[in-house]
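**Student:** Copying in the features that Swiss-Prot gives for the protein in this structure:
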- G9, F10, K11, G12, K13, M14, D35, G89, T90, T91, A115, P116, N117, F118: NAD(+) binding site (BINDING)
- H145: active site, proton donor/acceptor (ACT_SITE)
- H146, G155, T156: (S)-2,3,4,5-tetrahydrodipicolinate binding site (BINDING)
- K149: active site, proton donor (ACT_SITE)
Amino acid sequence: MSIRVIIAGFKGKMGQAACQMVLTDPDLDLVAVLDPFESESEWQGIPVFKDKADLAGFEADVWVDFTTPAVAYENTRFALENGFAPVVGTTGFTSEEIAELKEFSRAQDLGGLIAPNFALGAVLLMQFATQAAKYFPNVEIIELHHDKKKDAPSGTAIKTAELMAEVRESIQQGAADEEELIAGARGADFDGMRIHSVRLPGLVAHQEVIFGNQGEGLTLRHDSYDRISFMTGVNLGIKEVVKRHELVYGLEHLL
């Protein structure tokens, strides 16, 4: 039996890529799409909804969300309330929101996934960086994205920093008496690690994790050149959350 999928934010670039992926997979069935600004009632024969409230009681298994940080939490909560296992690629969640959604998913006995990055290479980068941070506590992150991305730093950069902080010696990166001649020049501070965000046209999603030690350096980098790189992870997420009974944060928990 096919997994019935709703895609919220289907008009965006990630939403469109997700739609095409679902439409070409015989194990998945795209049953509805959501966008508050869409004027048509159908898209490729699929019903279009402008208000998520109209999807209450709709028959579907999975809610895929590529919307905006402003509505992502509300959408994920709505999905869980209505029996849809959420697969969320929208970033901008606070740690408190993630914890609350995990608890609510357990109460609803529903699986779910919030993933800062669906590219398998990016997930591996985070794992490699976590291993390296045990031995190289001096580290900075540079994340680079297209200039339409609204949140900074990226969810991937934050997740990477969180994972490294679990194993890394907590030290302040840089000189103790350093002075920023322009505010923000040293980037965001996460447990002593610095995170730098680049936003330029032509980019998709890229990240470097740079480690330094006496007389040596180590650089880990991942590049997504096309949004199709995320679809393997989205596909995996859809097929896995229907088997689970709790929401997880990070694709690595489903691998």
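Counting starts with 1 at the first residue shown.
Note: Cβ is positioned from N, Cα and C throughout, glycine not excepted.
Walk me through where these features lie, including what they touch and how far apart they are.
**Tutor:** When Cβ atoms from all protein chains are considered, those within 10 Å of N117 (NAD(+) binding site) total 27, not counting its own. In the three-state DSSP scheme, N117 (NAD(+) binding site) falls into the coil class.
A C-beta separation below 8 Å, combined with a sequence spacing of at least six in one chain, links H145 (active site, proton donor/acceptor) to S154, S197, V198, R199, L203, V204, A205, H206.
Close to T156 ((S)-2,3,4,5-tetrahydrodipicolinate binding site) in the fold, though at least 6 residues off in sequence, lie P116, N117, A122, M126, E143, A205, Q207, each with a CB less than 8 Å from its CB.
In the three-state DSSP reading, K149 (active site, proton donor) counts as coil. Cβ environment of K149 (active site, proton donor): R199 lie under 8 Å away, each six or more residues apart in the same chain.
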**Student:** Tell me, which binding-site residues from G9, K13, T90, A115 are within 10 Å of G155 ((S)-2,3,4,5-tetrahydrodipicolinate binding site) if we use the C-alpha atoms?
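**Tutor:** Near G155 ((S)-2,3,4,5-tetrahydrodipicolinate binding site) by Cα: T90, A115.
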**Student:** From the Cα of H146 ((S)-2,3,4,5-tetrahydrodipicolinate binding site) across to the Cα of G9 (NAD(+) binding site), what is the distance in angstrom?
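**Tutor:** G9 (NAD(+) binding site) to H146 ((S)-2,3,4,5-tetrahydrodipicolinate binding site), Cα-Cα distance: 18 Å.
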**Student:** CB neighbours of K11 (NAD(+) binding site) within 10 A?
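**Tutor:** I count 17 other Cβ atoms within 10 Å of it.
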**Student:** Can you tell me whether DSSP puts K11 (NAD(+) binding site) in helix, strand or coil?
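**Tutor:** In three-state terms, K11 (NAD(+) binding site) counts as coil.
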